[in-house]
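Structure first, then comments.
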Amino acid sequence: MAGGGFVGGGGGRSYEGGVTVFVVFTCLAAAMGGLLFGYDLGISGGVTSMESFLSKFFPSVYHKMKNESGGQNQYCKFDSQLLTLFTSCLYIAALVASFFASSVTRKFGRKISMFVAGLVFLIGSVLNGVANNIVLLIIGRLLLGIGVGFANQSVPVYLAEMAPTKIRGALNMGFQMAITIGILVAGLVNFGTAKIKGGYGWRISLALAAVPSLMMTLAAVFLPDTPNSILERGHPEKAKKMLQKIRGTDNVDEEFQDLLNATEVANRVENQWINITQPRYRPQLIICFLVPFFQQLTGINVIMFYAPVLFMTLGFGNEASLMSSVITGGVNVVATLVSIFTVDKFGRRILFLQGGVQMIICQIAVGVMIGKEFGVSGEGSFSKGEANWILFFVCAYVAAFAWSWGPLGWLVPSEICPLEIRSAGQAINVSVNMLFTFLIGQVFLTMLCHLKFGLFFFFAGFVVIMTIFITFFLPETKNVPIEEMNRVWKAHWFWGKYIPDEAVTHGRQDRAV
């Protein structure tokens, strides 16, 4: 039975047309939606380590951080539920927004959702930049969350539908690439604004989120909608012309017929949320839930939005901690490029599995080093050489995530769902991702205080579980047209029993008629 888990992927039918400049440009422009998410991930951890920000909004944390008395527990000095609420409330807002975004994306098109994302994020960034009290700060964060929810719902689906099958993985990963660039830029901004005299650097860091939101808003105005979305809203001739334009050929009859078939099935569905619970969609439902669940339990967001705080906890100075987060952000960008250039060549599974093994090794190494130096008391400090080794293992961990679970966590759910459940599947993906981002973000500093170095073993244990899950339950999906994905599930040793024969043969019979 185990052997049956290794379903060979790829080999799907090839449609006419090539990779046009037009489709590459539109996908890159749409992928800028990832800048919103990435910039916020990177900026929040930096400002929460700035003394001027902490003294204004979180004075209890500031006084605890400035406590220079001996015997201080390094694990607990940033433990504050209000501080973590500042970071994590965004993700609850994104979770709720993703359900509304699902309906907007289906009824009005993908680009409308992207426009809403950019506009609401812009308003939130302005509020954060001018905030004078914690209430206004949290309101701004909630608006940012709504923007993230709409962007994360619409952008991956847009990219999956626009991209040619043979480079769908690479173009879809433009979203993750934009996330990593946003994180890196945020780290650089924090490093610069932390040096500003007068204590207002954090305002600049938060307000500059307006830049990626303006880019997203303007991009959404000029981007075309996808052929799938145009068809879904009842404009077949317009959809066919758009398909011809993005494929660079007039001979798109075969692909267009597949889109028509998928749209006819989708239009017969009254409620996507009820439909996705049917046994025939069991593989998509479980994958769209477990992939984002596992993605967050890698512990990556602990590193990304608490990197400066984490490095300060481990004994790095304020400036050194911000610089270290810039280094991990740079590694994140480079490693994502590795994934972009390999995902359509080697496939999704091999990246998932290799990345998982590397993350396990790095997390165990970091846990052992911290445990050896700080023990359970939390008292101690790293030498310069030990700190460099910690940074090395953290960077190796970030690299592994960036070419595996990072981009693939968005790519795989966006490409496996047929049109009739695609919006619902992506909404589940986003909402689960945001829910567990919120939960882990909210409890991380408390977990660090209580689990101490064992926290890294906690996350390593989940990476072991999810790597085993991928080994046996995720088939390869490279080079498979998204409207033909059912044949991959039908061939799988476990999921095949849920897929009815007509789900695989229906499209071929329609084309033969």
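The backbone N, Cα and C atoms fix where each Cβ goes, and this holds for glycine too.
Annotated domain 'Major facilitator superfamily (MFS) profile' per TrEMBL: 26-478, in sequence order.
According to TrEMBL, the feature transmembrane segment maps to 19-39 (among others).
Residues or ranges marked as transmembrane segment by TrEMBL: 82-100 (among others).
Here TrEMBL flags 112-131 (among others) as transmembrane segment.
The list of residues near the transmembrane segment (137-159) in space but at least 6 beyond its ends in sequence, with Cβ under 8 angstroms from a Cβ of it, reads 27, 30-31, 33-34, 36-37, 40, 57, 85-86, 89-98, 100-102, 104-105, 110-111, 113-114, 116-128, 131, 168, 171-172, 174-175, 206, 209, 213, 216, 223, 226, 410-411, 413-414, 422-423, 426-427, 429-430, 433-434. Per TrEMBL, the feature transmembrane segment maps to 137-159 (among others).
Here TrEMBL flags 171-192 (among others) as transmembrane segment.
Taken from TrEMBL, the feature transmembrane segment covers 204-223 (among others). Panel annotation: around the transmembrane segment (204-223), residues 26, 29-30, 32-33, 35-36, 39-40, 43, 46-47, 111-112, 114-115, 117-119, 121-122, 124-126, 128-131, 140, 144, 147, 151, 158, 182, 186, 189-190, 193, 196 of the same chain, lying at least six beyond its termini, place a Cβ under 8 Å from a Cβ of the stretch.
The annotation transmembrane segment is assigned in TrEMBL to 285-309 (among others).
Per TrEMBL, transmembrane segment is recorded for 321-343 (among others).
Long-range contacts of the transmembrane segment (350-370) within the same chain, counting only residues at least 6 positions beyond its ends with a Cβ under 8 Å from a Cβ of the stretch, are 298-299, 314, 339, 342-343, 386, 389-390, 393-394, 396-397, 399-401, 403-405, 408, 452-457, 459-460, 463-464, 466-467, 470-471, 474. Among the features that TrEMBL reports, transmembrane segment is placed at 350-370 (among others).
Summarising the annotation, TrEMBL assigns transmembrane segment to 390-412 (among others).
Look at TrEMBL and you will find 424-447 (among others) tagged as transmembrane segment. Using a Cβ-Cβ cut-off under 8 Å and counting only residues 6 or more beyond its ends in the same chain, the transmembrane segment (424-447) has close neighbours at 78-81, 83-85, 87-89, 91-92, 94-95, 98-99, 101-102, 105, 145, 148-149, 152-153, 156-157, 272-273, 275-276, 284-285, 288-289, 291-293, 295-297, 299, 301-302, 305-306, 309, 409-410, 413-414, 416-417, 455, 458.
The transmembrane segment annotation in TrEMBL covers 453-474 (among others). A Cβ distance under 8 Å defines the sequence-distant neighbours of the transmembrane segment (453-474), meaning residues of its chain 6+ beyond its ends; these are 2, 5, 286-287, 290, 294, 297-299, 302, 348-349, 352-353, 356-357, 359-360, 363-364, 366-368, 370-371, 374, 405, 412, 444, 447, 494-495.
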Integer average pLDDT (0 to 100) for the domain 'Major facilitator superfamily (MFS) profile' (26-478): 85
Seg_contact(the transmembrane segment (390-412), the transmembrane segment (171-192)) with at least 3 CB pairs under 8 angstroms, min sep 6: yes
The transmembrane segment (19-39) vs the transmembrane segment (321-343): 3 or more CB pairs under 8 Å: no
